[in-house]
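Quick look at what TrEMBL lists:
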- 76-99: transmembrane segment (TRANSMEM)
- 77-504: domain 'Major facilitator superfamily (MFS) profile' (DOMAIN)
- 111-134: transmembrane segment (TRANSMEM)
- 146-167: transmembrane segment (TRANSMEM)
- 201-222: transmembrane segment (TRANSMEM)
- 228-249: transmembrane segment (TRANSMEM)
- 303-323: transmembrane segment (TRANSMEM)
- 393-410: transmembrane segment (TRANSMEM)
- 416-438: transmembrane segment (TRANSMEM)
- 450-470: transmembrane segment (TRANSMEM)
- 482-501: transmembrane segment (TRANSMEM)
- 510-539: region 'Disordered' (REGION)
- 528-539: compositional bias 'Polar residues' (COMPBIAS)
Amino acid sequence: LRVVKFRRTGESSRSDEDVISGEHEIQIEGVQTELEPIELEDGAAVPKEFANPTDDTFMVEDAVEAIGFGKFQWKLSVITGLAWASNYAMEMMILSILAPQLHCEWRLPSWQVALLTSVVFVGMMSSSTLWGNISDQYGRKTGLKISVLWTLYYGILSGFAPVYSWILVLRGLVGFGIGGVPQSVTLYAEFLPMKARAKCILLIEVFWAIGTVFEVLLAVLVMPTLGWRWLLVLSALPLLLFAGLCFWLPESARYDVLSGNQEKAIATLKRIATENGAPMPLGKLIISRQEDRGKMRDLFTPHFRWTTLLLWFIWFSNAFSYYGLVLLTTEFFQAGDVCSISSRREEVKAKCSLTCEYLTEEDYTDLLWTTLSEFPGVLVTLWVIDRIGRKKTMALSFFVFSFCSLLLFLCVGRNVLTVLLFIARAFISGGFQAAYVYTPEVYPTATRALGLGTCSGMARVGALITPFIAQVMLESSVYLTLVVYSGCCLLAAVASCFLPIETKGRGLQESSHKEWGQEMVGRGSHSPGVTRSNSGSQE
């Protein structure tokens, strides 16, 4: 019989205000509730089991760490990546291809073409919080399946839209479904061991690139012969594959523990152990049931209030700057350099708003090359995130973007312009992925999906606003536009540094701050010193 000996790895340190008060009532199913207290050096009382943990109980976090990364996580990585590629990247990439086609075919004015893009972001913004709430209340798998089937249904219907108003409504409903895609990261993160979590979530970006490349290649084959309707239908079909694979996906064991389903959680952990060829920890799984899950007020408790507000601004700045740079890149390249953009604007105004230009083979090639600029950002983020931490990685990404934006004031030539834009996009995309790593790590299981959903919703607000800066304000002043983007990212860099919690080397929290005692029971050996309460953190 193999016996697994494991210890809980150290979590982020806390301030002195987080010291245990010793006045907590502990109620855990299947575990002794009358615990003998002992005295700490500072006089605070703590249950005896906390200081002398035994091997007869364990938590989901302990089991995930003991079982480790293996065959199960590889399969989960591919399925999560498929969701990211088919439900997110491909549907977003369609916006770049569909708009000019409908502009020509239906003779749409420019504002109606722009509205086709905006309505997708409106749908994503309005639904992100709802999908997070559903995932916290009814399960990550449930929320993800519904959002995928929703997107598949309305994605196919979009191909049959007879008039502009129909396709506007249907694309908005597609955006509503896409708002649930970030919950795949929530489910994914909850099955990953701590050491592999950051790298795995960052590498999901590879599937984004695969999805966009596939969509462009599909457009090259389909658009000249079958047209945009077939492109919309065929682009939705990979979602059918993911919907089928969803039946293989287990529900998050962390969610099952929080909802009181001990048997399901144990069955899931045994399945992972079997697929990975690793032994299960000995003892009994601790259940810390929490009925009140996925509530907005939990994001604004004293413990999480500043974290939530700062993260909202960080996510807003990420999307605002990322999509703004995408729009500015086209403007700068067509003008040749920053200083020539004003004269080019005057020429454009003279053209009719209904001037029709179909996408050429060269345009599709440019779309492919643009995607490649994000790989260096992911590689840099992958290298630094476990070295300097999540907060500093996000701050570094924002600072580099801000610095590159200011360098554009120098009226550089096209070659230098290309390099600066490449670096800026690489780092802002890397910062976006760092935020996807940090956000699921900082919130407890009871509000993790909601926290990520609200942050994703704030990102869509940034994506909605940025066209008015990158396109409208650009007509008035190039330099004011650059100052807005640079200043926003500089503030976001400061916000990243002021985040109260660093999640590097920290396990995912099972429960909220008030249930800290339940989380402490059954953990492995502690580091020398005092065990302190703050959502289960240890010193």
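Backbone N, Cα and C atoms are what each Cβ position is placed from, and that goes for glycine too.
TrEMBL annotations: computationally assigned, not manually curated.
Ranked by the number of CB pairs under 8 Å to the transmembrane segment (201-222), the listed stretches 111-134, 146-167, 228-249, 393-410, 482-501 are led by 228-249. Outside the transmembrane segment (482-501), and at least 6 residues removed from its termini, the chain residues within Cβ reach (under 8 Å) are 12, 306-307, 310-311, 313-314, 317-318, 320-321, 324-325, 328, 338, 391-392, 394-396, 398-399, 401-403, 405-406, 408-409, 428, 438, 442, 469, 473. The transmembrane segment (146-167) shares more Cβ pairs under 8 Å with 228-249 than with any other stretch in the list 111-134, 228-249, 303-323, 416-438, 450-470. Each of 303-323, 416-438, 450-470 was scored by its Cβ pairs under 8 Å to the transmembrane segment (111-134), and the highest score goes to 450-470.
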